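To start, the structure under review is shown below, and the notes come after it.
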Amino acid sequence: MGGGEKCSTIFNNPPNMRRSFRRWFRSCSIAFPAVLFLYVTVFHNGFLFAAITYGTGPLDDVIANSNKGFRKLLEEGLLERDRYNGTVPVHRLPQSIIIGARKCGTRALIEFLELHPQINSPTDEMHFFSNDTNYKMGLDWYRKKMPLSYPDQITIEKTPRYFISKISPSRVHRMNSSVKLIAILRHPTTRVISDYTQICANKMAKNETAEAFEYLALNRQTGHINPEYRAIKISMYHLHIARWLELFPLKQLHIVDGDNLIVNPLEEIRKVETFLNLPHRISKDSLYFNNTRGFYCMRKTKNGPEKCLGANKGRKHANISEKIIHKLDKFFKPHNERLFKLIKRRFRWR
């Protein structure tokens, strides 16, 4: 019997039709749940399927290659689709910038602030506003360098070079005249010595010898303080703060006491949280004093893993004579008074 005859026999014979229909229905009832599961899994959660199949190389290559695989999907926010009621995180221009100053504790400050769930920051210093080459890349390039964030999070960028850069204030102002600026200052003499200590360490790492501090800090003919020494000029804080205050109101600039941040970090952090209109989410359990390192370290949860700043932080300062320290303190006094008048605030500097 040919194929056509078989079909004719089945459909012209009601009992055969009923048996065929029952067999077909049982097959569908078995297959339907599987089909439904496949639809929900693959099509409704298409981004998950994409994460599994994205890229054709080995898994290590997929993860390592920023142009494909899980990392790219994470950067695009696809794996976080359901968080914040379906809101996808995006790259945003910073709403706040830590502008400096160098060797005053900017790294410690941003590390502490990142304990807050509503604060994100890029890993590296951007040097966008202070570097002409970077600035020519444009704001969109800069924005994409920022970490992904949700609407209730604040992106903070940190580049200490901005503090002394003459061009940075106007460039930042053009980006966002309402941006919140954060500066951190230490005793100017302490900052100078810390600056010199880092230069010495960098020289030693290259098997080079640093010039003696007194030859840099003092005029060799007169023995007076040399205001042209870069480390000293940075510590003349009022010169740099004045440039920022020409464009930004004082209420948009918060100054962290860098000396107090070392001994009482939580007090300074809470002031920054208030300045940023954020709830106080960093607690005393987030910070602990590390006796071995000699400064405060961090942990995100009370019993969570501990994290300290790198080995190059908190290093012992170079040995400077008390005579030169006294000269520096005396030199900086009038400059400190100009700063205090400018910011309408005083620090307990000797």
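Using the three backbone atoms N, Cα and C, a Cβ is placed for every residue, glycine included.
Take the candidates C200, C308; TrEMBL pairs C297 in a disulfide bond with C308.
Among the listed recorded positions, namely K103, R107, H317, the Cβ with the most fellow Cβ atoms inside 10 Å is that of K103. For the recorded positions K103, C297, C308, a Cα-Cα cutoff of 10 angstroms around S194 (3'-phosphoadenylyl sulfate binding site) retains K103. Considering only the recorded positions K103, C297, C308, H317 (3'-phosphoadenylyl sulfate binding site) has K103 as its nearest partner by CA-CA distance. Within the same chain, the residues at least 6 positions away from G105 (3'-phosphoadenylyl sulfate binding site) whose Cβ sits under 8 Å from its Cβ are I184, R186, V256, G258, L261, I262, listed in sequence order.
Per-residue pLDDT, averaged across the domain 'Sulfotransferase' (94-335), gives 94. Sequence-distant contacts (6 or more apart, same chain, Cβ under 8 Å) of C297 (disulfide bond) comprise L287, Y288, F289, N290, E306, K307, C308, L309.
Just so you know, of the recorded positions S194, C308, the Cβ with the fewest other Cβ atoms around it within 10 Å is the one at C308.
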